[in-house]
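Engineer: This structure is in structure tokens; I'll ask about it shortly.
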């Protein structure tokens, strides 16, 4: 498929075809502006391709109406470089917020949230505010928020971009553990260390084209 | 829980930006007061038109020296005229009596005038007061007629003024409504900006569009409804003041506005206030949040 942004001289993604199986762990790598982030946006239905199709969880979302988007997004979890936590809410409240705004009751949140915070290794820090947590811990809250709804896919857009190497490794272990529960993980990154350590499928993009697609690959 | 969430967000939203909220409510109130006022005036003018034009008469004054046969001929013609509903002949004595009544407080004038000097006249009630022109054209050349006077001419002037006031109030209502609209749009933008992080997260995790929009839209609607209540209070205030002042003297001339009529305008004001706010908020959000 092809995606060209308005006013762009060349397509952001040019005739790219990728298939990711359920339960896979995939890295998208490549220099800035290569089109990696466009992949995330296409998967989130934030943008639509000019040519070709996007199929997520067996559903063709290419021409999905925008009012269906909210429901579609509930099957996808998202983690970003800048965490995107609500500063005036505690770790618990941040995760519970994601549940409550999609219609889950407080009772459900009380049952599920401590569980997922425990899973990401934040047991005992539920009532800290983001500014009272380290960068790595904040990202754990973000991962908990993305995963609390048990999505089929977890998208991670440079999740270790703001973290030091040791903390990055911890976050990667966490994503790996989530992947082992059967969740597909798609991660966009610059971080060669991490890619080399994980030895998972690597898709390299340059100027909107796939230049490499390698199982158990390295950063190269 | 969701309803509770939405309602608490509405209260927080109104409170967060309270000066803006007050400005929004005041403009809304003034605009709706003007709208309600012009609506009432419109009704009243309609009622008064019915009442006054019903009783309006065309008077055909005869020359003081008009002979008997001209008068009877005219009477016969008027009786047969399909435009005419009723004809009343006023002879010199009756005219003198009316004259005496009219100028009762000027006895010198009354004494100076003799019945003979007053013209006889026909007082004609038309089936349709608007057809005065046809009557005038038909009879202006008839023998023995001095002048034809149409009372509706005077009424037209009175109603012209009333309609002018009504249109002025309506125009002012529209201008104030435009101001209120912009204030609503601005308030919603500020509210959306201050909640941009929450909104971004909600969009990300798949909160439905109505759930994201509802607190903002309701915030505007609540302000609109408070504005319409204040507008109603202003109407009540104006009526209360008018009843106790010089306006009371006009009571006989202008049909009074009843309390029930004032309260009946409230649903109109509330509906306009609520709907306009809701639509403005919704449209603003479409552009600003892209949800």
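Counting begins at 1 with the first residue displayed.
The backbone N, Cα and C atoms fix where each Cβ goes, and this holds for glycine too.
All annotation found in TrEMBL is predicted automatically rather than curated by experts.
Straight from TrEMBL, here's the annotation block:
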{"type": "DOMAIN", "residues": "B:56-148", "note": "domain 'FtsX extracellular'"}
{"type": "DOMAIN", "residues": "B:171-286", "note": "domain 'ABC3 transporter permease C-terminal'"}
{"type": "TRANSMEM", "residues": "B:21-42", "note": "transmembrane segment"}
{"type": "TRANSMEM", "residues": "B:169-193", "note": "transmembrane segment"}
{"type": "TRANSMEM", "residues": "B:214-242", "note": "transmembrane segment"}
{"type": "TRANSMEM", "residues": "B:262-285", "note": "transmembrane segment"}
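Tell me about the surroundings of these features in the structure.
Structural biologist: Mean model confidence for the domain 'FtsX extracellular' (B:56-148) is a pLDDT of 80.
Within the chain, the transmembrane segment (B:214-242) has long-range Cβ neighbours (under 8 A, six or more residues past its boundaries) at 6-7, 9-10, 13-14, 21, 24-33, 35-37, 40, 180, 184, 187-188, 191-192, 248, 257, 259, 262-263, 265-266, 269-270, 272-278, 280-282, 285.
If one looks beyond the transmembrane segment (B:262-285) by at least 6 residues along the same chain, the residues whose Cβ comes under 8 Å of a Cβ in the stretch are 28, 32-33, 35-36, 39-40, 177, 180-181, 184-185, 188-189, 192, 213, 216-217, 219-221, 223-225, 227-229, 231-232, 235-236, 239, 291.
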Engineer: Counting only residues 6 or more past its boundaries, what in the same chain has a CB within less than 8 Å of a CB in the transmembrane segment (B:21-42)?
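Structural biologist: Residues 14-15, 162, 165-167, 169-170, 172-173, 176-177, 179-180, 183-184, 187, 220, 223-224, 226-228, 230-232, 234-235, 238, 257, 261-262, 265-266, 268-269, 272-273, 277 contact the transmembrane segment (B:21-42) from elsewhere in the chain.
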